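Some notes on the structure that comes next.
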């Protein structure tokens, strides 16, 4: 479709007539058809950025203690049965595991940014581990 020039139009002048509002008593008695208010929705990415700032400020552990403890005991079973753990030992393992994961995700994010993306993918995690010199499982 070809573009055409806009021509000037003559204005009809004046303002459009306003609708008359119903009297206050009549408005209150009328049933509200759209009375259900929609929940507020943030724009995509806003909540994610808020969460990032929140977790970067905080220092508390993010993995739940009992599931982590069960995982540690399950892995330890492969090496020796009937092992017992002090609670401080499990806490130290959890602190170290979270520090490792945070560092890995930082490096992974840098790899994704280098690829001109903001979404991390498994290939970035693999690249970050390879650059760090870590061996993959099964090698």
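Yeah, the Cβs are placed from backbone N, Cα and C, and that goes for glycine too.
Owing to the predicted nature of the structure, the values given are computational and were not obtained by experimental measurement.
Now, the feature entries from Swiss-Prot:
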| type | residues | note |
| --- | --- | --- |
| COMPBIAS | 1-10 | compositional bias 'Polar residues' |
| MOD_RES | 5 | N6,N6-dimethyllysine |
| MOD_RES | 5 | N6,N6,N6-trimethyllysine |
| MOD_RES | 5 | N6-methyllysine |
| MOD_RES | 11 | phosphoserine |
| MOD_RES | 15 | N6-acetyllysine |
| MOD_RES | 19 | N6-methyllysine |
| MOD_RES | 19 | N6-acetyllysine |
| MOD_RES | 24 | N6-acetyllysine |
| MOD_RES | 29 | phosphoserine |
| MOD_RES | 37 | N6,N6,N6-trimethyllysine |
| MOD_RES | 37 | N6-methyllysine |
| MOD_RES | 37 | N6,N6-dimethyllysine |
| REGION | 1-43 | region 'Disordered' |
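Residue pair residue 37 (N6,N6,N6-trimethyllysine) / residue 5 (N6,N6-dimethyllysine) shows a Cα separation of 44 Å. Cβ neighbour count for residue 37 (N6,N6,N6-trimethyllysine): 6 (other Cβ atoms within 10 Å of its Cβ, all protein chains included). Less than 8 angstroms from the CB of residue 5 (N6,N6-dimethyllysine) sits no same-chain residue that is six or more residues away.
According to its DSSP assignment, residue 37 (N6,N6,N6-trimethyllysine) is coil.
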